[in-house]
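Contents: one structure, followed by commentary.
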Amino acid sequence: MASPRTRKVLKEVRVQDENNVCFECGAFNPQWVSVTYGIWICLECSGRHRGLGVHLSFVRSVTMDKWKDIELEKMKAGGNAKFREFLESQEDYDPCWSLQEKYNSRAAALFRDKVVALAEGREWSLESSPAQNWTPPQPRTLPSMVHRVSGQPQSVTASSDKAFEDWLNDDLGSYQGAQGNRYVGFGNTPPPQKKEDDFLNNAMSSLYSGWSSFTTGASRFASAAKEGATKFGSQASQKASELGHSLNENVLKPAQEKVKEGKIFDDVSSGVSQLASKVQGVGSKGWRDVTTFFSGKAEGPLDSPSEGHSYQNSGLDHFQNSNIDQSFWETFGSAEPTKTRKSPSSDSWTCADTSTERRSSDSWEVWGSASTNRNSNSDGGEGGEGTKKAVPPAVPTDDGWDNQNW
(Lines of atoms letter the chains of each structure in order from A; the text may use other names.)
(Lines give C-alpha, C1' and ligand atoms only; values in the text may rest on other atoms or scores of the structure.)
Protein backbone atom coordinates (compact mmCIF):
# COMPACT_ATOMS: atom_id res chain seq x y z
CA MET A 1 0.00 0.00 0.00
CA ALA A 2 1.36 3.40 -1.01
CA SER A 3 2.19 5.76 1.82
CA PRO A 4 0.57 9.20 2.13
CA ARG A 5 3.84 10.84 1.02
CA THR A 6 3.99 8.62 -2.07
CA ARG A 7 0.42 9.45 -3.00
CA LYS A 8 1.08 13.13 -2.59
CA VAL A 9 4.13 13.04 -4.90
CA LEU A 10 2.32 10.96 -7.53
CA LYS A 11 -0.66 13.30 -7.39
CA GLU A 12 1.60 16.24 -8.14
CA VAL A 13 3.27 14.38 -11.02
CA ARG A 14 -0.02 13.22 -12.57
CA VAL A 15 -1.14 16.71 -13.54
CA GLN A 16 2.10 17.32 -15.49
CA ASP A 17 3.35 16.23 -18.90
CA GLU A 18 0.08 14.64 -20.08
CA ASN A 19 0.29 12.05 -17.35
CA ASN A 20 -3.50 11.96 -16.86
CA VAL A 21 -3.92 9.62 -19.86
CA CYS A 22 -2.36 6.29 -20.84
CA PHE A 23 0.85 6.68 -22.86
CA GLU A 24 0.05 3.68 -25.09
CA CYS A 25 -3.71 3.85 -25.73
CA GLY A 26 -4.82 7.23 -24.36
CA ALA A 27 -7.20 5.85 -21.71
CA PHE A 28 -8.12 8.30 -18.96
CA ASN A 29 -7.11 8.06 -15.33
CA PRO A 30 -4.35 5.46 -15.55
CA GLN A 31 -3.49 3.66 -12.30
CA TRP A 32 -0.22 1.99 -13.37
CA VAL A 33 3.16 3.40 -14.33
CA SER A 34 6.40 2.29 -15.95
CA VAL A 35 9.05 3.55 -13.54
CA THR A 36 11.81 2.97 -16.11
CA TYR A 37 10.49 5.80 -18.34
CA GLY A 38 8.28 7.65 -15.82
CA ILE A 39 5.21 7.15 -18.01
CA TRP A 40 1.60 6.43 -16.96
CA ILE A 41 -0.28 3.46 -18.44
CA CYS A 42 -3.63 1.73 -17.99
CA LEU A 43 -4.23 -1.77 -16.68
CA GLU A 44 -4.21 -3.52 -20.05
CA CYS A 45 -1.08 -1.78 -21.21
CA SER A 46 0.60 -2.56 -17.88
CA GLY A 47 0.20 -6.24 -18.71
CA ARG A 48 1.86 -5.74 -22.06
CA HIS A 49 4.74 -3.86 -20.43
CA ARG A 50 5.26 -6.73 -18.01
CA GLY A 51 5.71 -8.97 -20.99
CA LEU A 52 8.71 -6.92 -22.05
CA GLY A 53 10.63 -7.79 -18.89
CA VAL A 54 11.84 -5.69 -16.00
CA HIS A 55 15.08 -4.83 -17.83
CA LEU A 56 12.99 -2.90 -20.37
CA SER A 57 9.96 -1.76 -18.31
CA PHE A 58 9.47 -1.94 -14.54
CA VAL A 59 5.71 -1.65 -13.79
CA ARG A 60 4.28 -0.44 -10.49
CA SER A 61 0.78 0.31 -9.15
CA VAL A 62 -0.03 3.83 -8.04
CA THR A 63 -2.07 2.77 -4.99
CA MET A 64 -1.27 -0.88 -4.17
CA ASP A 65 2.54 -1.04 -4.25
CA LYS A 66 5.19 0.38 -1.97
CA TRP A 67 7.52 2.93 -3.49
CA LYS A 68 11.15 3.85 -2.97
CA ASP A 69 12.56 7.34 -3.09
CA ILE A 70 14.61 6.60 -6.22
CA GLU A 71 11.47 5.42 -7.98
CA LEU A 72 9.67 8.65 -7.13
CA GLU A 73 12.64 10.63 -8.51
CA LYS A 74 12.44 8.66 -11.76
CA MET A 75 8.75 9.56 -12.05
CA LYS A 76 9.67 13.24 -11.66
CA ALA A 77 12.44 12.96 -14.26
CA GLY A 78 10.29 11.17 -16.84
CA GLY A 79 6.75 11.67 -18.11
CA ASN A 80 4.46 10.95 -21.06
CA ALA A 81 5.17 14.15 -22.95
CA LYS A 82 8.91 14.06 -22.31
CA PHE A 83 9.24 10.46 -23.55
CA ARG A 84 7.18 11.11 -26.67
CA GLU A 85 9.16 14.21 -27.59
CA PHE A 86 12.44 12.38 -27.05
CA LEU A 87 11.41 9.48 -29.28
CA GLU A 88 10.30 11.79 -32.06
CA SER A 89 13.61 13.65 -31.89
CA GLN A 90 15.62 10.53 -32.67
CA GLU A 91 16.58 9.66 -36.23
CA ASP A 92 15.85 5.94 -36.02
CA TYR A 93 12.38 6.38 -34.58
CA ASP A 94 9.46 4.84 -36.52
CA PRO A 95 5.85 5.61 -35.47
CA CYS A 96 4.80 2.21 -36.84
CA TRP A 97 7.01 0.29 -34.45
CA SER A 98 5.44 -2.47 -32.46
CA LEU A 99 5.66 -2.44 -28.68
CA GLN A 100 8.63 -4.81 -28.70
CA GLU A 101 10.48 -2.79 -31.37
CA LYS A 102 9.83 0.50 -29.67
CA TYR A 103 11.30 -0.45 -26.31
CA ASN A 104 14.16 -2.45 -27.81
CA SER A 105 15.26 0.56 -29.88
CA ARG A 106 18.30 2.81 -29.40
CA ALA A 107 16.04 5.80 -28.64
CA ALA A 108 14.33 3.99 -25.72
CA ALA A 109 17.73 2.96 -24.36
CA LEU A 110 18.96 6.57 -24.43
CA PHE A 111 15.86 7.82 -22.59
CA ARG A 112 16.23 5.11 -19.94
CA ASP A 113 19.80 6.25 -19.32
CA LYS A 114 18.69 9.88 -19.12
CA VAL A 115 15.98 9.14 -16.49
CA VAL A 116 18.44 7.22 -14.30
CA ALA A 117 21.01 10.01 -14.43
CA LEU A 118 18.52 12.75 -13.57
CA ALA A 119 17.01 10.68 -10.72
CA GLU A 120 20.46 10.21 -9.24
CA GLY A 121 21.21 13.91 -9.56
CA ARG A 122 23.78 13.61 -12.37
CA GLU A 123 23.94 15.57 -15.56
CA TRP A 124 23.19 13.71 -18.76
CA SER A 125 24.23 14.41 -22.33
CA LEU A 126 23.52 12.52 -25.52
CA GLU A 127 27.15 12.40 -26.61
CA SER A 128 28.46 10.99 -23.34
CA SER A 129 25.68 8.47 -22.82
CA PRO A 130 26.78 4.82 -22.81
CA ALA A 131 23.56 3.98 -24.68
CA GLN A 132 25.07 5.43 -27.90
CA ASN A 133 26.33 2.00 -28.79
CA TRP A 134 23.07 0.21 -27.96
CA THR A 135 22.44 -2.81 -30.15
CA PRO A 136 18.88 -4.13 -30.05
CA PRO A 137 18.63 -7.88 -29.41
CA GLN A 138 17.67 -10.06 -32.33
CA PRO A 139 14.03 -11.13 -32.21
CA ARG A 140 13.32 -14.80 -31.80
CA THR A 141 12.71 -16.66 -35.04
CA LEU A 142 10.63 -19.75 -35.47
CA PRO A 143 12.36 -22.99 -36.52
CA SER A 144 10.46 -23.01 -39.81
CA MET A 145 12.03 -19.72 -40.78
CA VAL A 146 15.54 -21.24 -40.85
CA HIS A 147 14.69 -23.19 -44.01
CA ARG A 148 13.37 -20.15 -45.83
CA VAL A 149 15.17 -18.93 -48.90
CA SER A 150 17.66 -16.18 -48.19
CA GLY A 151 16.30 -14.27 -51.20
CA GLN A 152 13.20 -13.31 -49.20
CA PRO A 153 14.57 -11.40 -46.21
CA GLN A 154 11.65 -8.97 -46.02
CA SER A 155 9.02 -11.69 -45.83
CA VAL A 156 11.05 -13.57 -43.23
CA THR A 157 11.28 -10.45 -41.09
CA ALA A 158 7.57 -9.77 -41.39
CA SER A 159 6.72 -13.36 -40.47
CA SER A 160 9.02 -13.28 -37.47
CA ASP A 161 7.44 -10.04 -36.28
CA LYS A 162 3.99 -11.56 -36.64
CA ALA A 163 5.04 -14.64 -34.70
CA PHE A 164 6.52 -12.48 -31.96
CA GLU A 165 3.30 -10.47 -31.72
CA ASP A 166 1.30 -13.69 -31.40
CA TRP A 167 3.61 -14.93 -28.68
CA LEU A 168 3.32 -11.60 -26.89
CA ASN A 169 -0.47 -11.70 -27.06
CA ASP A 170 -0.48 -15.24 -25.69
CA ASP A 171 1.78 -14.17 -22.87
CA LEU A 172 -0.48 -11.21 -22.17
CA GLY A 173 -3.49 -13.50 -22.08
CA SER A 174 -1.77 -15.66 -19.52
CA TYR A 175 -1.42 -12.63 -17.26
CA GLN A 176 -4.95 -11.35 -17.78
CA GLY A 177 -6.67 -14.72 -17.50
CA ALA A 178 -9.60 -16.13 -19.41
CA GLN A 179 -12.12 -13.84 -17.72
CA GLY A 180 -10.79 -10.74 -19.49
CA ASN A 181 -11.23 -8.69 -16.35
CA ARG A 182 -9.88 -5.17 -16.76
CA TYR A 183 -8.45 -5.17 -13.22
CA VAL A 184 -6.72 -8.53 -13.41
CA GLY A 185 -2.96 -8.30 -13.48
CA PHE A 186 -0.09 -7.51 -11.21
CA GLY A 187 -1.36 -7.26 -7.64
CA ASN A 188 -4.80 -8.65 -8.55
CA THR A 189 -5.27 -12.41 -8.56
CA PRO A 190 -7.76 -13.62 -11.18
CA PRO A 191 -10.65 -15.76 -9.93
CA PRO A 192 -10.15 -19.51 -10.45
CA GLN A 193 -12.12 -21.24 -13.15
CA LYS A 194 -15.07 -23.27 -12.05
CA LYS A 195 -14.98 -26.92 -12.83
CA GLU A 196 -17.75 -29.44 -13.20
CA ASP A 197 -16.76 -31.32 -10.08
CA ASP A 198 -16.90 -28.19 -7.89
CA PHE A 199 -20.41 -29.10 -6.75
CA LEU A 200 -19.29 -32.56 -5.65
CA ASN A 201 -16.24 -31.12 -3.93
CA ASN A 202 -18.36 -28.56 -2.10
CA ALA A 203 -20.80 -31.26 -1.01
CA MET A 204 -18.01 -33.47 0.26
CA SER A 205 -16.39 -30.56 2.08
CA SER A 206 -19.74 -29.72 3.70
CA LEU A 207 -20.14 -33.36 4.72
CA TYR A 208 -16.65 -33.44 6.21
CA SER A 209 -17.31 -30.18 8.05
CA GLY A 210 -20.58 -31.52 9.48
CA TRP A 211 -18.94 -34.76 10.55
CA SER A 212 -16.11 -32.89 12.24
CA SER A 213 -18.65 -30.70 14.07
CA PHE A 214 -20.57 -33.82 15.14
CA THR A 215 -17.44 -35.52 16.44
CA THR A 216 -16.46 -32.37 18.31
CA GLY A 217 -19.89 -32.12 19.93
CA ALA A 218 -19.87 -35.83 20.80
CA SER A 219 -16.46 -35.54 22.42
CA ARG A 220 -17.62 -32.54 24.44
CA PHE A 221 -20.77 -34.39 25.53
CA ALA A 222 -18.73 -37.43 26.52
CA SER A 223 -16.32 -35.31 28.53
CA ALA A 224 -19.23 -33.54 30.28
CA ALA A 225 -20.90 -36.90 31.06
CA LYS A 226 -17.61 -38.24 32.40
CA GLU A 227 -17.18 -35.22 34.65
CA GLY A 228 -20.78 -35.56 35.90
CA ALA A 229 -20.35 -39.28 36.62
CA THR A 230 -17.09 -38.62 38.44
CA LYS A 231 -18.67 -35.90 40.54
CA PHE A 232 -21.73 -38.05 41.35
CA GLY A 233 -19.52 -41.02 42.23
CA SER A 234 -17.39 -38.91 44.55
CA GLN A 235 -20.49 -37.55 46.30
CA ALA A 236 -22.00 -41.04 46.65
CA SER A 237 -18.77 -42.45 48.06
CA GLN A 238 -18.55 -39.54 50.50
CA LYS A 239 -22.14 -40.11 51.69
CA ALA A 240 -21.50 -43.85 52.02
CA SER A 241 -18.37 -43.23 54.08
CA GLU A 242 -20.28 -40.80 56.33
CA LEU A 243 -23.09 -43.35 56.80
CA GLY A 244 -20.61 -46.12 57.59
CA HIS A 245 -18.81 -43.90 60.08
CA SER A 246 -22.09 -42.97 61.79
CA LEU A 247 -23.20 -46.63 61.93
CA ASN A 248 -19.86 -47.64 63.36
CA GLU A 249 -19.90 -44.92 66.01
CA ASN A 250 -23.56 -45.29 67.08
CA VAL A 251 -24.23 -49.04 66.70
CA LEU A 252 -21.22 -51.24 66.22
CA LYS A 253 -18.87 -49.64 68.75
CA PRO A 254 -21.40 -49.58 71.64
CA ALA A 255 -22.40 -53.19 70.90
CA GLN A 256 -18.77 -54.26 70.75
CA GLU A 257 -18.00 -52.52 74.04
CA LYS A 258 -21.01 -54.14 75.72
CA VAL A 259 -19.95 -57.54 74.43
CA LYS A 260 -16.47 -56.98 75.80
CA GLU A 261 -17.83 -55.85 79.17
CA GLY A 262 -20.42 -58.67 79.35
CA LYS A 263 -23.44 -56.34 79.58
CA ILE A 264 -25.09 -57.27 76.35
CA PHE A 265 -26.82 -60.35 77.85
CA ASP A 266 -27.99 -58.33 80.87
CA ASP A 267 -29.59 -55.76 78.56
CA VAL A 268 -31.27 -58.50 76.52
CA SER A 269 -32.65 -60.28 79.60
CA SER A 270 -33.93 -57.02 81.12
CA GLY A 271 -35.63 -56.13 77.86
CA VAL A 272 -37.27 -59.56 77.64
CA SER A 273 -38.49 -59.37 81.24
CA GLN A 274 -39.98 -55.93 80.68
CA LEU A 275 -41.74 -57.19 77.60
CA ALA A 276 -43.11 -60.21 79.49
CA SER A 277 -44.41 -58.02 82.33
CA LYS A 278 -46.12 -55.72 79.86
CA VAL A 279 -47.71 -58.69 78.10
CA GLN A 280 -48.91 -60.13 81.43
CA GLY A 281 -50.41 -56.80 82.53
CA VAL A 282 -52.18 -56.33 79.23
CA GLY A 283 -53.56 -59.91 79.38
CA SER A 284 -54.90 -59.58 82.92
CA LYS A 285 -56.50 -56.24 82.17
CA GLY A 286 -58.12 -57.66 79.06
CA TRP A 287 -59.50 -60.68 80.97
CA ARG A 288 -60.90 -58.39 83.67
CA ASP A 289 -62.56 -56.18 81.09
CA VAL A 290 -64.14 -59.20 79.38
CA THR A 291 -65.44 -60.58 82.70
CA THR A 292 -66.88 -57.20 83.65
CA PHE A 293 -68.58 -56.87 80.30
CA PHE A 294 -70.38 -60.24 80.56
CA SER A 295 -71.29 -59.89 84.30
CA GLY A 296 -72.61 -56.36 83.94
CA LYS A 297 -70.79 -55.21 87.14
CA ALA A 298 -67.81 -52.97 87.59
CA GLU A 299 -65.18 -54.50 89.80
CA GLY A 300 -63.01 -52.26 91.91
CA PRO A 301 -59.64 -53.04 93.33
CA LEU A 302 -61.25 -54.22 96.62
CA ASP A 303 -64.53 -56.00 97.41
CA SER A 304 -67.15 -53.42 98.37
CA PRO A 305 -69.18 -53.95 101.56
CA SER A 306 -72.84 -54.92 101.53
CA GLU A 307 -75.51 -52.37 101.09
CA GLY A 308 -77.06 -52.86 104.53
CA HIS A 309 -73.74 -52.58 106.26
CA SER A 310 -72.94 -49.47 104.32
CA TYR A 311 -76.16 -47.83 105.21
CA GLN A 312 -75.88 -48.88 108.81
CA ASN A 313 -72.34 -47.58 109.17
CA SER A 314 -73.17 -44.37 107.49
CA GLY A 315 -76.27 -43.92 109.59
CA LEU A 316 -74.45 -44.74 112.83
CA ASP A 317 -71.69 -42.31 112.12
CA HIS A 318 -74.23 -39.72 111.25
CA PHE A 319 -76.26 -40.06 114.44
CA GLN A 320 -73.17 -39.98 116.54
CA ASN A 321 -71.77 -36.84 114.94
CA SER A 322 -74.96 -34.85 114.17
CA ASN A 323 -77.46 -32.89 116.24
CA ILE A 324 -80.59 -34.76 117.34
CA ASP A 325 -82.75 -31.70 116.91
CA GLN A 326 -82.66 -32.02 113.15
CA SER A 327 -85.54 -33.72 111.48
CA PHE A 328 -85.21 -37.13 110.04
CA TRP A 329 -85.45 -36.06 106.44
CA GLU A 330 -82.89 -33.31 106.77
CA THR A 331 -80.53 -35.69 108.60
CA PHE A 332 -81.05 -38.39 106.03
CA GLY A 333 -80.53 -36.06 103.09
CA SER A 334 -77.34 -34.46 104.46
CA ALA A 335 -75.65 -37.55 105.87
CA GLU A 336 -76.48 -39.99 103.09
CA PRO A 337 -73.26 -40.63 101.11
CA THR A 338 -75.12 -42.10 98.22
CA LYS A 339 -76.83 -40.07 95.55
CA THR A 340 -80.48 -40.61 94.71
CA ARG A 341 -81.07 -40.88 91.01
CA LYS A 342 -83.79 -42.17 88.83
CA SER A 343 -83.20 -45.40 87.02
CA PRO A 344 -83.53 -45.12 83.29
CA SER A 345 -85.21 -48.58 83.13
CA SER A 346 -87.95 -48.05 85.76
CA ASP A 347 -89.83 -45.32 87.56
CA SER A 348 -88.40 -46.21 91.00
CA TRP A 349 -85.72 -44.22 92.74
CA THR A 350 -82.57 -46.10 93.62
CA CYS A 351 -79.68 -45.44 95.92
CA ALA A 352 -76.26 -45.73 94.28
CA ASP A 353 -73.42 -47.02 96.37
CA THR A 354 -70.40 -44.68 96.17
CA SER A 355 -67.90 -47.49 96.30
CA THR A 356 -69.40 -49.81 93.68
CA GLU A 357 -72.11 -47.66 92.00
CA ARG A 358 -74.64 -50.55 92.04
CA ARG A 359 -78.29 -50.18 91.23
CA SER A 360 -80.99 -51.95 93.26
CA SER A 361 -84.61 -52.33 92.33
CA ASP A 362 -85.57 -52.67 96.04
CA SER A 363 -84.47 -49.14 96.91
CA TRP A 364 -87.47 -48.36 99.06
CA GLU A 365 -86.97 -51.51 101.15
CA VAL A 366 -83.32 -50.70 101.69
CA TRP A 367 -84.23 -47.17 102.58
CA GLY A 368 -86.75 -48.44 105.13
CA SER A 369 -84.35 -50.87 106.73
CA ALA A 370 -81.69 -48.23 106.89
CA SER A 371 -84.08 -45.90 108.68
CA THR A 372 -84.88 -48.58 111.29
CA ASN A 373 -81.19 -49.25 111.90
CA ARG A 374 -80.49 -45.59 112.31
CA ASN A 375 -83.27 -45.21 114.87
CA SER A 376 -82.00 -48.12 116.90
CA ASN A 377 -78.47 -46.80 116.79
CA SER A 378 -79.69 -43.40 117.85
CA ASP A 379 -81.48 -44.88 120.90
CA GLY A 380 -78.40 -46.76 121.96
CA GLY A 381 -76.30 -43.66 121.71
CA GLU A 382 -78.68 -41.61 123.74
CA GLY A 383 -78.87 -44.22 126.51
CA GLY A 384 -75.13 -44.31 126.80
CA GLU A 385 -74.93 -40.58 127.21
CA GLY A 386 -77.55 -40.60 130.01
CA THR A 387 -79.72 -38.00 128.34
CA LYS A 388 -83.27 -38.80 127.33
CA LYS A 389 -84.48 -37.20 124.17
CA ALA A 390 -87.76 -37.65 122.36
CA VAL A 391 -87.48 -39.69 119.23
CA PRO A 392 -89.75 -38.51 116.46
CA PRO A 393 -92.18 -41.09 115.21
CA ALA A 394 -91.37 -42.91 112.00
CA VAL A 395 -92.87 -41.26 109.02
CA PRO A 396 -94.77 -43.53 106.71
CA THR A 397 -93.19 -44.29 103.40
CA ASP A 398 -95.94 -42.80 101.32
CA ASP A 399 -95.74 -39.45 103.16
CA GLY A 400 -92.10 -38.95 102.21
CA TRP A 401 -92.92 -37.41 98.86
CA ASP A 402 -94.83 -34.57 100.48
CA ASN A 403 -91.93 -33.48 102.69
CA GLN A 404 -89.29 -33.44 99.99
CA ASN A 405 -88.68 -30.15 98.25
CA TRP A 406 -88.58 -31.14 94.61
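Cβ atoms here come from the backbone N, Cα and C positions, even for glycine.
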Among Thr141, Thr292, Thr350, residue that the record in Swiss-Prot marks as phosphothreonine:
Thr350
Just counting, how many other CB atoms are there within 10 A of the CB of Thr135 (phosphothreonine)?
8
Translate the DSSP assignment of Thr135 (phosphothreonine) into the three-state scheme.
coil
Rounded mean pLDDT for the residues that make up the domain 'Arf-GAP' (7-124):
92
